[in-house]
Amino acid sequence: MSQRFKKLTGLVAATFTPLTAEGEINLSVIAAYVDYLIEKQNVKSVFVNGTTGEGCSLTVDERKQLAAAWCQHGKGKLEQVIVHVGCMSIKDSQELARHAASIGADGISVISPSYFKPINADALRLFIKEVSASAPDLPMYYYHLPGMTGVALEAADVLNGIEREIPSFQGVKYSGTDLRDLGQCVCYSQSRDWSVLYGVDEQLLGALVLGVHGAVGSTYNYLGHIVNQMLSAFNNGNHTQTRALQFGFMEVITFARTLGFDVSVNKQVMSEVSGLPMGPPRLPLLPCPVSKAQAIAQKIHNFTQGL
C-alpha cells in the first residue's frame with residue numbers, strides 16, 4: 001500500500017536561480033520572489049533547481065543552499081516546494097535527497113542521467129529507486145525531459161510497475177511533446193492517484209484535455225495569473241475562453257522563439273517583468289541582451305493588457 005501524500009496539482013513555477021553579477025547565487029532575492037509568485041501570479045507551488053533554475057550548472061552545496069532558502073521563506077506561504085535532486089552521480093542525487101528531507105521539502109524529483117544513459121526503463125527505475133530510498137518519506141516524481149537528456153525511453157514504460165519498487169512514487173513531470181505517451185501516463189496514474197504535471201507551457205491545453213493534474217513551467221513565474229485564468233475557464237467548460245487564452249499564450253512564445261527563447265533569455269525576461277534581479281545565467285549559457293528581453297516583456301504586457 002503506497003503512502004498517502006498531499007497531491008500536487010495546479011500551476012507550479014519552475015524557479016530561476018538568482019545570481020549576482022559575479023555569478024554567485026543570490027539568496028537575498030528568494031523572500032521577495034516567494035511573495036511575488038503568490039501576490040502577483042497566484043502561484044503557490046515551486047519546482048526548485050530544475051532546468052529553468054540551471055540546476056545541473058550548480059554545485060551540490062549551491063543547490064542545498066537554494067533549496068533551504070525556498071523552504072525557509074516559503075514556509076507558511078507556499079503550498080509545496082518540490083526540489084529537483086537529479087545529478088549525473090547517484091551519490092550526489094542521494095545526498096541532495098537526504099538534504100531535501102532534512103529541510104522540510106514537500107517532495108523531490110529526479111531527471112534521468114544523461115552522460116551515461118540508462119539502457120532501458122528498468123535501469124532508470126532502479127536509479128530513481130536508489131535516490132528515493134535516501135528520502136523515503138518524501139513524494140518522488142520522475143522528471144521526463146527527453147529533449148535535454150537525450151534519453152528516448154517512453155515515460156509510460158518507466159512508470160509501469162514503479163509503485164512496486166518505490167512506495168513513495170507520486171507521479172511525473174512530463175516535459176515532452178509526445179501526447180500519446182503522456183496520455184498513457186495519465187491513464188496509468190488514474191487508479192494510483194498520482195500527479196501528472198505537464199511541462200511544455202505553450203501546449204498546456206492539449207495536455208489538460210488528456211487529464212493532467214497541473215503544470216510545471218518557467219513562464220508561470222510571470223504569466224501564472226493568466227494561465228490560472230485559463231485553468232479556471234477550462235474547468236468551467238468555457239472552451240472558447242480557454243482556446244483564446246492558449247492562442248494568446250502561444251503567440252507570445254512564438255514571438256519569443258524568433259528572438260531565441262532559451263533559459264538565458266527567459267531569465268532576463270523574468271527580471272524585466274517582475275522587477276526582481278535574476279542576474280546573468282551561468283556559463284556555458286551567455287547573457288541575454290536586455291533589448292531582446294524588453295521586446296518580449298512588451299509583448300507579454302500587450303497580451304495581458306488586452307484581456
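Including glycine, each Cβ sits where the backbone N, Cα and C put it.
Note: Tyr143 (active site, proton donor/acceptor) has non-local neighbours Gly50, His84, Gly86, Ser109, Val110, Ile111, Ser112, Val172, Lys173, Ser175, i.e. same-chain residues 6+ apart with C-beta under 8 A of its own C-beta. Under the heading active site, proton donor/acceptor, TrEMBL lists Tyr143.
Just so you know, the Cβ of Lys173 (active site, schiff-base intermediate with substrate) picks up 29 other Cβ atoms within 10 Å once every protein chain is counted. Taken from TrEMBL, the feature active site, schiff-base intermediate with substrate covers Lys173.
The feature pyruvate binding site is assigned by TrEMBL to Thr52, Val216. Long-range Cβ neighbours of Val216 (pyruvate binding site) (same chain, at least 6 residues apart, Cβ-Cβ under 8 Å): Val12, Ala13, Ala14, Phe47, Gly50, Lys173, Ser175, Leu197, Tyr198, Gly199.
Taking a C-beta cut-off of under 8 Å and a sequence gap of six or more, Thr52 (pyruvate binding site) has these contacts in its own chain: Ala14, Thr15, Phe16, Ser218, Asn221, Val263, Asn266, Lys267.
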